[in-house]
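Engineer: First the structure, which I've put down as structure tokens, then a few questions once you've had a look.
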Ligand SMILES: *[C@@H]1O[C@H](CO)[C@@H](O)[C@H](O)[C@H]1NC(C)=O
């Protein structure tokens, strides 16, 4: 008793100490239904591979005495699985129930009795009213990928009826019950094994979960599960790390994931929630990698713009430039001073960044003469969208505040430069940033799956992606989370 409680307690400890997931994926009963359809195809295929071994032996049949018999070349002719259900079992996984299944077999029979009399023919065997009930446990493997296994499989054959062709009917009618029983036993043993195989055949597909997804030359994102999947009666929820790292250097940021909840509804097939933590770990990684910096030169400013990046532009605000750096081209170095901060509130995604802008005059011999350093606080609103299996974004500048960091050219009113720098941000920095953001960041995915019919909502602390409904599929099977049948990760099911 004590031991059992102690074991139960120690089993709980890793869960309570585990980190909050940065990304959550919720698979609903609707999503499972899609899986069931594919799963049944796989089970049917498996059952068609049943090999019933040849059987032979002796049976005493009165009044003729011992009959030597053999049943050979037993083949599956047809397997039907008209009724099945996949139900969620809270705390465990799912339960697969198959009912009214049937298997038709064909084989040859041969008998020998009274030492010399031989007889042979063929037979058809109908196995009907077959039920299979099995629980499928869903766990996390050592790499943080989901893994499924069957537990408690029970298969029951409803009725078995054999029909012999050829030979003496009086004989095989004496025999019938025995054959039925032998074949029923042979099948009883195999069905659960084959259903179990069909289920574990899923694991190679589940192993394709991109637990480490490369983003670009700076970053990768980790999607390993941080805890066992949580199964309720309406859904299975997977908690994943959802954290960006510098490639090859897994340094933790100075903040951790806050708990967040996916929307409680379960009417869509699949929900993916990405937390502000995930977005902020990205910001941290790119900032640490020094990737959030940009050299701006005049050629990057669109031709039609009234603002040119030369000292002349600044004469009005900084007359000193006219004297010391007359008619020189300029260069601006914009770089983040610390990692930008992303916040998600209902219908509102915001990115706040603190940067420095260093302005240089470019001497005719290409030497850069520093003019001034500005501190720039910016706030941008972000639009987030799904593009294939990637989450992409675009930002729009809302607010910019400049203060003087350092001047090499004497005092000046920084405020007067606001419109120049706003224009530079809008014409150069934001478009370049948006090109990067539009490339997107990989979402958790299996194989080559593709999300279609998605809706995205910015909610408190996270972005929720909903896979709305079933999508058409070229193979005419209705599909949901995946658009192209040939690349369905579960296609082998
Ligand atoms: C480049 O020109 C500037 C200004 O004329 C001068 O101060 C600097 O010494 C020159 N640098 C080199 C490397 O020639």
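Quick reminder: no glycine exception, Cβ is built from N, Cα and C everywhere.
As the structure is a computational prediction, the values presented were derived from the model and not from experiment.
Pulled these from TrEMBL:
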DISULFID  153-192  disulfide bond
DOMAIN    26-249  domain 'Lipid-binding serum glycoprotein N-terminal'
DOMAIN    264-467  domain 'Lipid-binding serum glycoprotein C-terminal'
SIGNAL    1-18  signal peptide
Engineer: Count the Cβ atoms, other than its own, that fall within 10 Å of the Cβ of residue 153 (disulfide bond), considering every protein chain shown.
Structural biologist: 18
Engineer: When DSSP states are folded down to helix, strand and coil, where does residue 153 (disulfide bond) land?
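Structural biologist: Residue 153 (disulfide bond) sits in a strand per DSSP.
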Engineer: With every protein chain in view, what's the tally of Cβ atoms within 10 Å of the Cβ of residue 192 (disulfide bond), excluding that atom itself?
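Structural biologist: Neighbour count, Cβ to Cβ under the 10 Å cut-off: 17.
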